[in-house]
Each structure stands twice: as structure tokens, then as C-alpha cells.
């Protein structure tokens, strides 16, 4: 029962997070929030119903049991990708038991160590309440959902409950050449109050090299996406949080992503800042890391910086990105350490919208030129020509 009551409380927390009035007001159904909220409510009810039903397996209702099982799987898609057995293995996950695995972790566990072929874990729609670890010994794994608004992995650890921010992620990826498509990663721990200690609640930690995320969602409040280390590519993703919600020391390109601040709504005219999109962890000039955001949109609630200098050589750029007035006029923060002004690299180029006004930006912010930008805006920034195979995506 413990698991079930946990899953119900997680589900309620998710619905609270996703159906928060401010989110609906700011981001209508175009962002799939209603769909997520509805489908996850539905999956929660299914989960509860299925569990309740489970108690009757010992009664003499075998025919209806079978009938119910068949009806659950009737809708199961028959068009799982064709098997190209030379190069790809397919594993199938469905929480209702309609294929080989009912949890994502059990499918990951079934992949052989150091497999040279691509292992596609096809995950049917639904909410999977579990922590998932993809170890270093398992490269070449793809998690393929059915849409970030209908397939998600969720858990609710915080830094306090999991012995630190580095271990509280719902999903931890250490294997290289990891790919995720059309799936959400969620940490549904309650949104922290300002000043809460140990409230960091990470949705995913990406610590393997050469990883790509396409059409994915990342949901949490504080420290949502731990872009820890390695070269990573994000395209058409939806990233939501409030404080330092994209953080780490990876070298990553974010293209065509929607970035949504969930920071508290401030009273009109308030100059307070209550969040930051990025906290990049580059700590020396010798580290070839940094975040590049190209053709993204930034909106949401509260008043946030584009980045704050978590480490002295923090490096982040925004190019051709649309920003609402959720971005504070100064744009960036040096972690209240003026000695970092000379070493951080924060730049903007060709951005638009009320939040992109450069006239009041902090003095250390660089107005980039076309030559500088050319090296930062496409997949060559992350050496994509060496590893990023669009056929895998």
C-alpha cells in the first residue's frame, strides 16, 4: 500500500503543479499543460482502479478478469518500429502489462552491458512512478515515449531526502550516447518556499557524454535539469522551473526550446528577482563547457535572470531568443561576487521581446557579434558532426 499511496500523493502533487492557476493563465493549452494534467489524472485513476481490481484476483471472476485485461490492451499500438535486428534492439514498456516490461528500470536492466547496438526502450503513454538509473556500463540507450504530454517518469526526491542535489534526480543518466524522445522527466516534490534548505528537486541528471533530447519535457521547481557533464543536444524541448533550473557544467546546445519560469508572481512594479534560468558550473578557463540557447522562447511568471554565475567562469549565451518581461532588466547576476565579472562569459545576440532590452543589462554582459555567434549556434559547438546522428533522432 505504501507504493500506491505514494503514487497517489505524487499524482496529486503533479496535478497541483501542472494545473496551478498561474500556469494556466500564462500558458494556455498550446503548451500541452491541460493535456498533461488530464492524461496524468486519467493515468492516476487507471493506476488506482487497476490496483483495487488486483485484490479480486483470488475470487472466482476469472472470465471478467481476462476480459478486463484484454480491454486494457485492446488499444495497445501495433506499430512499434520494425525490427532492424542488425543495429537496433527494441524493448517495450507498458504500465498495464501489455508488453514485456511494466517499469522503465526493468527494461534498462535487461539491456546488455556495453552493447554496441542501439537499444530503443519504447514506452507506452502513462505516468511511470519510479527512479531510473542508466549506468555507465549501458551506452546507446534510447527512451522513446509517445509525446512529452502523455508519457512521463516522475518521482519526488529532494536534496534533503536523497543526500544532496547530485543524487535526487528522478532519472540519472551516466551512459554515453543516450537519446530521449517524446517523454517528460518530472520531479514532483512540492515547490519550495524562498530560503528552504535542501529543497533542490532534480528531474534529470545527465552525466554521460554525447546525449540528445528531442521533444522532451523537464518539469520541476528548483534545479530541474542537471546538465552535469558531457556534450548534449536539446531540440524542441519544454523546460520548466524557477531557481537555477538549468544547471551544471556540460557543453550543451538548446535549439527551439520553450523555457518557462514558475517563480512566484510578484506584485506589480516590484524590482525583486526570484529565480534564474541557468546556473552554469564552468569553474576554470581551461574547461571547454557552457550553454548555448538558440531560437528559444522564455516566458512564465515571476522575475528571473537569464543566468547567475554559480562558478567563476560561467559561460552562457542566448541567440535569436524571444524573452517576455519575466526576464529582469539587468539580465544576469554575478552570484553577488564582483570578482567574477572579469571571468564570466555571458552574451546575447539578436534576441527580441520585452525581456531582451540590452539598455539596462549588467556591465559585464557581452553584446555578441556575428563572428562570435557563428561558433556557438549550431551543432558544431558540441562537436555534433562526430556523434550526433539525426537518423537516431
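Think of each number as a place in line: the chain as shown, counted from 1.
Even glycines carry a Cβ here, placed using N, Cα and C.
Per Swiss-Prot, the features are as follows:
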- 1-19: signal peptide (SIGNAL)
- 100: N-linked glycosylation site (CARBOHYD)
- 113: N-linked glycosylation site (CARBOHYD)
- 140: N-linked glycosylation site (CARBOHYD)
- 156: N-linked glycosylation site (CARBOHYD)
- 163: N-linked glycosylation site (CARBOHYD)
- 165, 200, 308: substrate binding site (BINDING)
- 182: N-linked glycosylation site (CARBOHYD)
- 222: site 'Transition state stabilizer' (SITE)
- 223: active site, proton donor (ACT_SITE)
- 244: active site, nucleophile (ACT_SITE)
- 295: N-linked glycosylation site (CARBOHYD)
- 350: N-linked glycosylation site (CARBOHYD)
- 369: N-linked glycosylation site (CARBOHYD)
- 378: N-linked glycosylation site (CARBOHYD)
Message: If you count, for each of the glycosylation sites 140, 378, the other Cβ atoms lying within 10 Å of its Cβ, which residue has the minimum?
response: 378
- prompt: Within 10 Å of the Cβ of the residue listed as 'active site, proton donor', how many other Cβ atoms are there?
  reply: 28
- request: Give the residue from the recorded positions 156, 200 that has the most other Cβ atoms within 10 Å of its Cβ, counting over every protein chain displayed.
  value: 200
- prompt: If you measure C-alpha to C-alpha, which of 182, 222, 244 (recorded positions) come within 10 angstroms of residue 308 (substrate binding site)?
  reply: 244
Query: What is the interatomic distance between the Cα atoms of residue 182 (N-linked glycosylation site) and residue 369 (N-linked glycosylation site), given in whole Å?
result: 34
Field: DSSP state at the residue listed as 'active site, nucleophile', helix/strand/coil
entry: coil
Query: Taking the Cα atoms as reference points, how far is residue 369 (N-linked glycosylation site) from residue 200 (substrate binding site) in Å?
result: 36
- line: Quick note, residue 295 (N-linked glycosylation site) and residue 223 (active site, proton donor): C-alpha atoms separated, nearest Å, by 22
Task: Measure the Cβ-based neighbour count of residue 100 (N-linked glycosylation site), defined as the other Cβ atoms within 10 Å of its Cβ.
output: 13
- prompt: DSSP on residue 308 (substrate binding site), three-state: which is it?
  reply: strand
Message: If you count other C-beta atoms within 10 angstroms, which of the glycosylation sites 113, 182, 295, 369 is the most crowded?
response: 182
Query: Which one is it: of the recorded positions 200, 223, 244, whose Cα lies the shortest distance from the Cα of residue 140 (N-linked glycosylation site)?
result: 223
Message: Run through 222, 223, 378 for me and report the recorded positions whose CA is within 10 Å of the CA of residue 244 (active site, nucleophile), in sequence order.
response: 222, 223
Query: Which whole-number value in Å describes the distance between the Cα atoms of residue 222 (site 'Transition state stabilizer') and residue 200 (substrate binding site)?
result: 5
